[in-house]
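Q: Below is a structure I'd like to ask you about.
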Amino acid sequence: MEEAVMKPTKKGGGRLCCICNLRRAALKRPKTLEQICRECFYEVFEEEIHQVIVDNQLFKPGERIAIGASGGKDSTVLACVLAELNRRHNYGLDLFLLSVDEGITGYRDDSLETVKRNEVQYGLPLKIVSYKDLYGWTMDEIVKMIGLKNNCTFCGVFRRQALDRGASLLKVDKVATGHNADDIAETVLLNILRGDIARLSRCTSIVTGEDGPIPRCKPFKYTYEKEIVMYAYFKRLDYFSTECIYSPNAYRGFAREFIKDLERIRPRAILDIIKSGEDFRISTSTKMPEQGTCERCGYISSQKWCKACVLLEGLNRGLPKMGIGRSSRGLNNDPKKDKDMKQSNGTKSIENKQCGSLDF
């Protein structure tokens, strides 16, 4: 942020905005390195997002759109910009805020207060769904059982499904998320490092989940994180800026630092990584997972049980690591082992609390 805001100029000096040539430049765009004034920055920032929406036909008039709202900078700016563009360009959309309460004391409870203020500020109805209601567990309870090593796996899987279930309650046509260019570049690198061909083939798509219950779109696909921060800062938007207390050592963090280092050397690197991801071609001989539905809850899954049901079953049996990595395969591929485990220790079965409380 500090790098992008221009230093005070000498008396009588100062560059003019390279776009309007009328007002004094107030910042240097991280994406293009242009020196522009605030007013022109707002205009080009919003216009670029509008162009992405139009070029990719992300929305249709009359659609109900849920904005995934965490209270952070990305989702807050997304709510602000989409509300403005919807009015300015007459998209004809019904917009809603959709939040997930993971049950993280001192983090999510505070950020949800921000979302509730955003509801009033932007005039958008808010729906909150919680892990406790859907799964019978909070993240605080999960971390207490499993520790900090694999907690992000549980949270990521549960959150993705919780968003879909909340979207079903709102009866929306699509979910818009605040994933930005930095996020997508990080995901490309992570999928390469993990050798995850299935995710690598779709992680740069601007619309995903079209074969699932509710599609998701990323209007910020080509928007730099630094510019989102600058927009929120100059507009004085109300957002929550604290990082999750359970993710200081998340694997993604290392990819994020690498992306930041690249950006400092060559800002264009972020878009180049996304372009590379878009141009990857998967060999026809590579076996891809076949999409089906979970036998337990009906959610999309390439296995007999979806990942959320596998993880939840492990938690309910007092065997939380059962759903992590290769150890989860026993549930999907070994019926005898699965049957034996159901009888162990008399722990409560997933039958008592299915993955989520809604059927797809």
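The backbone N, Cα and C atoms fix where each Cβ goes, and this holds for glycine too.
What TrEMBL shows for this protein is this:
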{"type": "DOMAIN", "residues": "65-248", "note": "domain 'tRNA(Ile)-lysidine/2-thiocytidine synthase N-terminal'"}
{"type": "BINDING", "residues": "G68, A69, S70, D74, V100, G178, D183", "note": "ATP binding site"}
{"type": "DOMAIN", "residues": "292-322", "note": "domain 'Cytoplasmic tRNA 2-thiolation protein 1 C-terminal'"}
{"type": "REGION", "residues": "325-360", "note": "region 'Disordered'"}
{"type": "COMPBIAS", "residues": "343-360", "note": "compositional bias 'Polar residues'"}
Q: Max CA to CA distance in Å over the ATP-binding set G68, A69, S70, D74, V100, G178, D183?
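A: In whole numbers, the farthest two Cα atoms are 19 Å apart.
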Q: Give me the mean pLDDT over the domain 'tRNA(Ile)-lysidine/2-thiocytidine synthase N-terminal' (65-248), rounded to a whole number.
A: 93
Q: Around V100 (ATP binding site), how many other C-beta atoms are within 10 angstroms of its C-beta?
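A: V100 (ATP binding site): 25 neighbouring Cβ atoms within 10 Å.
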